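Asker: I'd like to ask you about the structure that follows.
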Amino acid sequence: MYCWGSGRIGHGSPLSDIKTPKPLYFNISNSEQVNIFSEEEETEVKGEKDIEFIDFCAGRAHSLAIDNKNRCWVFGENSSAEFGNNSLVYSKVPILNKQFENEKIVSVSCWNQSYAITDQGKVWEWGKSIDTLIPRLLKFQYPIKAIDCSLNNSIGVSHNGIAFIGFNFNNEPKPVDYFIENNIEIQSVACGVNHYLYLTNRGEVYSNGGGISTGHYDEFYNNNNNNNNNNNNNNNNNNNNNNNNNNEIKEKVVEKVVEEEEGEEQFNIIIPKKLKQLRNIIEISSGYYNSLALDGYQNQVYGWGENLNGQLGIEGIDYSTEPILIELPLVEIKHISSGAYHSAFVTNNGELIVMGGGLVVSDDIRMSVALGNGEGGFQTIQFKVDTTKDETIISENIKFNKPTSQLINFEIKDKNENNETKHTNKNKDNHDDDDESDHSDDDHHDDDDNDKDSQGINDKGILTEEEMLEFQYHFNELSHYDGARNQFSPQFIQSLKKNKIVIDKVSCGKFHTLATPSKIQLIAPIESLQQYCIKYISENIINNMETDTSFPDINTLPINTVLKIDSHLTLNRNHSDRSQRLMSYLKSSFKQNINNNNNNNNSTTVNSPKSTKYEWDQYLENYSKEFEANAIVTLNNIEILTKTKGFEISLETINAIINGFIEFSQYIEQTSTQVANSENENENEIEMKMKMKKNEMKMKMKMK
């Protein structure tokens, strides 16, 4: 299991700041040691790192994992009994929860609170939402197969397809009657801070609750405005008035308006409503204020709700009031997860894509902590930093004595060290309602300026004037914005790709992420000619683009190719300012052409509205099938294919290998054997012919 992020994330330190996915070690003897709870030096981490896990979950500040022996491992924060082990002391490394030694745990879920499900469908609960240090057994009417939870919110689904809500804070589970009354079977569930998601066995998605994360925002306000207009304009007709009043009453049963403290209107959907835009959905996930749905037919993801921190992976919008496609045309997605403010996808090839992050507002210097890694990761989570004290404030007024980044050590920094700084996101509100006092930590800044010079640093004079100017430059708002643009877009975790680690499943918490490798290491697929063309064009754009008007021929590319080039540059984090502008221009030009022509043509090129539709298959028709096959083989640098005498490879074979129908190594072995046999047969034939010729010569000599 890999874990990275910030906080108490099981790597042996009281606080960690891990930017690259790092293996966790699991050791049973850790549960017996006392020093693992020490606030002092780091604990030496020993144990197994290749344990197989059947389920795991990253919570708000702690994590749970179930191994293949059905043992429950816990690590992280434990100030609110998150461990369920009759203790309030945290652990720097994973330890076993011995409360379940007599139970066979098969599934877990956690956030502030924790849940464990047994093989019999029994549910154990413990943590912040209840007044107990050890797990308590919940009373469900039916055996439960899955539970999801968020900040002070929980939802479950039984094996027979009944959804349950309202079982946090010592409350008893309540079935959602709407689905029972309408004979709708629920397959899986998810929840955020204020909303619920339900996935049916027919691939449809329902939602209820409050906010734009339900996906019904536009529908609600359109209906509300229409009802008000009808009530104002139909006073002359009693029948119409009655009808309108009935409609209004009906709406109130389904949707309810709530007045917030600021006087703003907010809606709350009482009865679950179907999201009509979504079909063929196979998985759902929810962040605090956003939602995700995986389309099993397209292998693509839809997202809606809040996008202030890039958790939807869509650049240029703060919110989406309805489900919209997160365009990733180069990959096929098989698994999704959404944390508080960031999300992660796993592709069919086992690649991990991560996006988003949390942003905490601070009037002081902002310290950024990466959720990913330097190459293909990003630096988005930001904590408040008190520059007069050697401590970091991370939510709920909790002060940690150990800093988690060299940025807050600048007062005692060695003069010989390089002044490394990090780009951070533009300063925005993150509505971090989960930590009720995240935005009220100003008590620690009253005396910040007492011992500082005009540059903002105390009189120790560690930084030179030049270094200070550079420091200030890297932390101005313009730099924040420029450095953060790519961070709102989905990105590969490059360290996993480089090490050929195939990911099977991922779970996003608040400040950290967990991921497990696949039990079956996939064979790297042969890259198609299309993929090589995409990479070739992308590299040329980055390496040879001197001005914004470079590459005039790119305007003739089909829009699907443009989208794939943009996706390649984005996922691999290769975009430059010019390439981003070029891609934005090409995409907007295509949309403008479509609008100008009123959809009366079939153009799929960027600036050629009258041209015919181009697809990759049509491009390749200009060449023979042998050309495509040879091009793929050559570009993949498969030496054995080009050097083996008599070896032939067809387009059908290439397609079969690419699609996984034929295992490449097996094909090579069989073909090589056939070629070798063929060569042996040829040698035998030649020897026989030579012998025959010799005999003929001898006979002729005798006759003479």
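Glycine is no exception: its Cβ is also placed from the backbone N, Cα and C atoms.
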Asker: Checking feature assignment: coiled coil per Swiss-Prot, candidates 575-605, 668-698. Which range matches?
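Answerer: In Swiss-Prot, residues 668-698 carry the label coiled coil.
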Asker: Please give the average pLDDT for the repeat 'RCC1 2' (69-120) in this predicted model.
Answerer: 87
Asker: Going by DSSP assignments with H, G and I as helix and E and B as strand, what are the residue counts for the repeat 'RCC1 2' (69-120)?
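Answerer: Residue counts in helix, strand and coil order: 3 helix, 23 strand, 26 coil.
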Asker: Summarise the repeat 'RCC1 3' (298-348) by DSSP state, stating how many residues are helix, strand and coil.
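Answerer: Its residues divide into 0 helix, 27 strand, 24 coil.
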